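One structure is given here, and the rest of the page talks about it.
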Amino acid sequence: MALLVHLKTIRDLRGKGDRIAKVTFRGLSLYTHVLENCEDEARFDETFRWPIASRVDENEMLEVQVFNYSKVFTNRVIGTFKMVLQKVAEEGQLEVTDTLIDDNNTAIRASVTIYIKYTTMDGTVGVWSDGEFLDIPGDPEGTFQFETDSLLSGHSQGSGPAILDMEDLNRKAMRLGGVGGLDPDCISLASVTAVTTNVSNKRSVYLFMYLLYFSGFPENLGFPENVLFLCNPNANMQLVGLNMDPVVCVEIGDDKKYTSMKESTNCPYYNEYFVFDFHVPPDVMFDKILKLSVIHSKNLLRSGTLVGTFKLDVGTVYSQPEHQFYHKWATLSDPDDITAGCKGYIKCDIAVVGKGDNIKTPHKNVLFGNLLLPEGVPLERQWARFYVKIYRAEGLPKMNTSIMANVKKAFIGENRDLVDPYVQVLFAGQRGKTSVQKSSYEPIWNEQVVFTEMFPPLCKRMKVQIRDSDKVNDVAIGTHFIDLRKIANDGDKGFLPTMGPAWVNMYGSTRQYTLMDEHQDLNEGLGEGVSFRARLLISVAVEILDTTSTEIVSSTEVQVEPVSNISESVTGKIEEFFLFGSFLEATMIDRKIGDKPISFEVTIGNYGNQIDGVSKPSAAKKKKKEGGGGGESDEEESELIQQNSSEDEADDDGDLVSVSSSPPMKPVITDRNYFHLPYFEKKPCIYIKSWWQDQRRRLYNSNIMDKIADKLEEGLNDVQEIIKTETAYPERRLRGVLEELSTGCNRFVTLANKDQNQAGRTKLDKERLKSCMREMESMGQQAKLIRSQVKRNTVRDKLKMVQNFLHRLRFLADEPQHSIPDVFVWMMSSNKRIAYARIPSKDILYSIVDEETGRDCGKVKAVFLRLPGKKGFGPAGWTVQAKMEMYLWLGLNKQRKDFLSGLPNGFEENKAPRTGSCLQSLPPISLVYNMKQVFQLRAHMYQARSLFAADSSGLSDPFARVFFSTHSQVTEVLSETLCPTWDQLLVFDDVELFGEASELRDDPPIIVVEVYDQDTVGKAEFIGRTFAKPITKMCDEHYGPPRFPPQLEYYQIYRGNSTAGDLLAAFELLQIGQGGRAELPAINGPTDSDRGPILPVPMGIRPVLSRYRIEVLFWGLRDLKRVNLAQVDRPRVDIECAGRGVQSALIVNFKKNPNFSTLVKWFEVDLPENELLHPPLNIRVVDCRAFGRYTLVGSHAVTSLRRFIYSPPDKTQNNWASAGRPTHTMQDTFLVLSIHITRFDIFEKEEKKKKKKKKKGEVEEDDETDERMLDWWSKYFASIETLMEVYNKELEAEYDNFEDWLHTFNLYRGKAGDDDEAALDDDRIVGRFKGSMCMYKLPLTEEITREAGFDPNMGMFQSIPHNDPINVLVRVFVVRATDLHPADVNGKADPYVIIKLGKSELKDKENYISKQLNPVFGKAFDMEATFPMESMLTVSVYDWDLVGTDDLIGETKIDLENRYYSKHRATCGIANNYSVHGYNMWRDPMKPSQILAKLCKEGKLDGPHYGPGGRVKVANRIFMGATEIEDETGLKKQTDEHLALTVLKHWEEIPRVGCKLIPEHVETRPLFHPEKPGIEQGRIEMWVDMFPMDMPAPGPAIDISPRKPKNFELRVIIWNTDDVVLEDDAFMTGEKMSDIYVKGWLKGQQEDKQDTDVHYHSLTGEGNFNWRFVFPFDYLMAEEKIVISKKESMFSWDETEYKIPARLTLQVWDADHFSADDFLGAIELDLNRFPRGAKTAKQCSIGMVQNEAELPCISIFKQKRVKGWWPFVARDENDEMELTGKVEAELHLMSAEEAEKSPVGLGRNEPDPLEKPNRPDTSLMWFVNPLKSIRYFIWHNYRWLILKALGLLLLLLLLGLFLYSFPGYLVKKMLGA
């Protein structure tokens, strides 16, 4: 079936320009040629064809778009034409003329005329007649062919397909790309044929980075990870300058790698691959700068000259889609000369790949316009200056010991600040430093650091660091990152990066100075700072440079310049802030610190910090503050402000002192692990006064957005939960969420616009406000729009869109300019800091407007304290150091009247006893609660699942500990399970909570549940933790629906940042009233006598159960590892679910037969009705040892039984959907009928047409595409046609792991590894269990059991094969490997293949491929195997080494057993057509008809019935196909095989048993190395055939050995040159002349350069040579590459094979005797497509090079012989191309055999010598014949000058004579003589 569209013409276009059209059908777009300089009509006359697999639907659309074509910019749409294909589908053909419409859907004048034809297979619509479409208008080359050959050239005799014709491909490529001037190297075969793998090797600078990305960490802390960075410059490059020797340097951080040097070219081609290894946190990795530099002629002795560089940071690459740039051109610029413009391009791929990712090859047409830039960055980047102004810093900590200072003070008598700070700024790989300010806690720099970089920069962050200068080692004091995306906006109304002047707060390690600071990393910006370090006043500005102006400094060196000071008020008015906090509860205090008194300290900036806050400045004014922790007087000054507040201002609060820490108190024991502080009714308080610039507006705006985002997130989680649990109406909730979002956005717009004229507003504040308001406004409108579009079926799509809003909101809410520093809460014990919590100041900031208030301001919040820095990660960080219930309030001192309003009611204030001041205004130092409520908490602990394996057995002995307030209780310990069902009710009696009852009802305290693993020795091991809020019932409420009894819910259990299982539980908090506990609802549950005092979960809460039957298919066990050093010999499988289970039969001898003798067993069990609450099913394998001992081998928990629930087959449905089998959605398969006959016809017609077309005098082309030329590779390269499927992934991924009825369960043993330990789950796998489950509710309907042939022993597993051992012939075909990991020092590898199956191993070591990372193996391996013992096939690629053992590069493992037994029939792929001879021969021993008969028999289907007229009937379906086949002699015979094959290709359409059968294919498998788990080491293309030995043997394996290159000889005769530029001055006359000679070579064979002799003293640029070059070469026709084998260096052991594009380079030079020869010009001809030479020198112009794409091109491989004139070009000073000469040459290509028959000599030598050129003899003329030389040199050039001079001389002579004779003559006249 096919749809043909003939695009005739487009009329009434406006203006003049180049036009191109795009026609789109079913998502596939095809382009026309570019029509140049069209006026009002564009006649395209092109036909497009879509082979289609399914019928054209009446509602389908065809779209035609017309563009104004531009080479530089994106093409601009003129208009669009869309039509519905209803009429076409009915009638089959249609001609239409209609107007185009523009973007606004209004009609424009232009109209389009198209003709559409639709042909189906069965001929119901539009049958075609023979040859009807072969004469296509505007297609003189006859490139249009039928679908199966659209990539094959049409000259083949016979019935098979033909090989790829590259010309066709290129035409196709042009059409696909829609661009005339495509660089042939940037079109890979892949992009043309859309093959799923990269078929050709035409790739460019490949840069792969493998990065183990650690998403488990908080945003900016990570522990060092192995980071692998692979880079492969496989490049084409376009460089400025012509005769260059370029080298590419790839630099990441401090690591550099170089490619090899390519000589004399400006378009080098590389194929090199580098690896960079890092061991750093992701944050450091993302800031690393990747720099590509091109260097001209670098060698051992000289460093070479830099041509240009390109920089970007790794983070930019990571943020790209799929973390990669693919086929992009990086623009090179010269850092030393920013006025110079672009210096060339490097084409490259860059990818950052995390663990477990694989590199996906995007299927995009690759165009030259693809510059390496992230989306949204303009193509033309400009140079810009980045100004970072550093003004001053405050509050620096001590950075030296006090001992030295005291010694100095004793001698010199001066007290000095112990820090010498300077600021360092890092940006785009460059570093700038300010001066060092000696001994100053408050340094003032007033300097600016200036960077010159391209704008927009490809580096996201700027790093500003205050460092302490030290003689030995400078250390960082604090670090701040400026994210350029947050201080700029690239929209239409955007703004350049700007910031400040603003203070930035820096955080890091604690402030006390120690010589070895264990938290120094925190000061470098890695991880969350645990203390305030300093604040720095900076500003950032950017200025775009005008590179044309003359006074610009053209270097990009970093400059540091002084700037003027700025006034205090610029950053805002200083206000007094008040911070109040109250500790309501301190529980879960770690027992290690529970024996000493504990206090809590709160700090904001350096205020409140009593131990190490104050660094005493030498000359600062002091401000006295009394009080402090225990009431003793403490001197503290505010060094963070210049003393602005006047004395009376300080006194108006009655001399308020700060109380920043709670009184020390000794903890009381809670349980074995934790302590708590006995606060009871007396709650300590703290309060601090501090002074900061008033920049609250910034925080307010952030808060409004954060609150909108919080609401949105909560709503989205609800919607996802509704979708997940499949409860009613998710769309209603989503509409509500969107409604809230749009009102929130509108509210922001009204609120944020206040305080416009506040002091200290920076440019960024104003611009950010504008852009935030615009964004929020548009978000509000979009939310409204989406709300109206939300329907039941679109919920998921809309949900994704709304999630983007959430990311956007979070991004906008992050304020880049700081104001008030964060608040730190520290737990202190004996004056040491133990654990901390950091609370952002904006979260507790007060505002009169509710939306602007911080989310935790005036609220009681649970705060968990953790250990600082690295201590807080890993097992130490999982235990809570303390859990606080805290109340915090921060606001202006003048607004503080409300600061207690949010506390739970019912307290009295207890103030500090003071004399003489007004007590009213003092804040309390403690609160005494006289109102308390008593509650009972009931924790219904039902079960947990998928817990972390904490024991070496791979299981755990879990119990849960529940904490509430100061109480804790534990469940019982269940041994050896990861899915415990505790079914236990824990009752906490008499829980006292303080505050008002109503408040507690709405917001009760949280419950913490910790799960532990009980160990017999030592303390219990932590598994994970989760939080829950109870449902509260007051004593006056009724206990009943809807709130009670509570429902069981799943709570995610966390272990550090990773998940460690789920807890299914419910919690209720019941108030105990006056009547005591008697009034509480009774605990009515079955009292379980076995369990003693343990209460089970009561009836209303535990789930409702039903009776289910679970059938288990026991197939076998595989690859069991040793247990306790003993081999497993007699294993058994135990299945358990909800306390019931079944055991498999015992395997008597695991080595002999690892399969079970009894296949199916079942058990019955009571399970919850709600599927989501189903308990997991546990599979355990035990080994039965002597004396009745059992050892656990391994276990597996099936967490969800949903996929095994049996659903009876639906009678109405076509596709099968039986027990637990998911229905596969199969891809369309192409139906191609009577393929041989049609193809044969076409080829014949093509032949005739080609011959007719030949012009007289042209050489008849060799018809090389006869049947003998075709091989398997023809089919492989044409695999986009339906000849063969090439999967770009493993076959398992395409076919659901072949688990259609047999599932594989990995068995685990051993302790699970954590995030930061490298232990992967793969290391814990000790074997695999093969089997399946089927579960169904009882009783079952009878009709199933009544079916014919129902075997009751097999239950639901009817008609599965038996599991007896079976002998199989396994045939492994290895095609090639790509992107292998380099294994040798030189960045290459010498790969070979090893195949292992069971105990047999095949090594192909002697056929290793030297120095190749993309080797083509082309090998088939045969081995015999016995399933099930030998079923795991391992294909490994090793690196051959001359010395030492060979290294493994990577391996892939294939489970052959699942493939063998799969219903998809993965034994031997079904070919697309049936042939009995030739390269496409049927290779399965069973013919299609036999396969079909077998499938029908197994599926109990009626058929197949073959009928007349090419019909076959299977299960009431009729299929049609061809019935004739041609044998080798050409005779036609009747056959049913084509018909049977048609049915097999459409097997998924058969009802009940249908599924997609595996086609003939090649699969691409990633290679992995056991030591580098999760990181791809390359890919291998291969396939496996399997044939049972009890069937007839298959034929010999098909030959897939790599194509051998063909030997050719290219003869180039240089006849003459003309118009060559004259370089030298003649010795005596100063005459311009050149000594011309020509060099020539084939690309990649520079060392075989050939030169002509020298034509001396050419005065006109004419040179006569008659000189022959001879270049023998090996050429691969299919890939269009020259194959070169040469040793890389004198030390190489063997030759390396390179594949290089066939290009001939000719250069013209001026020979010099004493200095180096001068390069004059060059031309490079691509032998596959180069412009035809001009007939005469006059007609030869530079346009032949510049407009090459538009000129008709020829290929020497088709033309064989060509003669003409071609231009030489070079670049002038302005980088413009200029014509520097012309050459007349003749190119003659011969095969090696022809060349042998007619040999020729080099130069003018025998045989077949060329005659000597006729050169004017001017070499020794001065001496031999001076007159002749004068005539030649002087007369020739100066004749007009000489003639003019002679004329002038005669004139002067006459004048002289006249003057001489005039007096005498006059006298004579006068005297009358």
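Just so you know, glycine gets a Cβ as well, placed from its N, Cα and C.
These numbers come from a predicted model, not from an experiment.
As written in TrEMBL, here are the features:
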DOMAIN    1-98  domain 'C2'
DOMAIN    208-330  domain 'C2'
DOMAIN    367-498  domain 'C2'
REGION    615-664  region 'Disordered'
COMPBIAS  646-655  compositional bias 'Acidic residues'
DOMAIN    919-1044  domain 'C2'
DOMAIN    1091-1217  domain 'C2'
DOMAIN    1351-1469  domain 'C2'
DOMAIN    1590-1741  domain 'C2'
REGION    1794-1813  region 'Disordered'
TRANSMEM  1838-1860  transmembrane segment
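Long-range contacts of the region 'Disordered' (1794-1813) within the same chain, counting only residues at least 6 positions beyond its ends with a Cβ under 8 Å from a Cβ of the stretch, are 1609, 1611, 1613, 1616, 1650, 1652-1653, 1655, 1664-1670, 1672. Mean pLDDT of the predicted structure over the domain 'C2' (367-498): 85. With DSSP classes pooled into helix, strand and coil, the tally for the domain 'C2' (919-1044) is 9 helix, 63 strand, 54 coil. Here the transmembrane segment (1838-1860) has no long-range neighbours, meaning no same-chain residue at least 6 beyond its ends has a C-beta under 8 angstroms from one of its own. Using DSSP to sort the residues of the domain 'C2' (1091-1217) gives these counts of helix, strand and coil: 9 helix, 56 strand, 62 coil. The domain 'C2' (1-98): residue composition by secondary structure is 6 helix, 60 strand, 32 coil, according to DSSP. Secondary structure counts, DSSP: the region 'Disordered' (1794-1813) has 4 helix, 1 strand, 15 coil. DSSP states for the domain 'C2' (367-498), grouped as helix (H, G, I), strand (E, B) and coil, give 11 helix, 57 strand, 64 coil.
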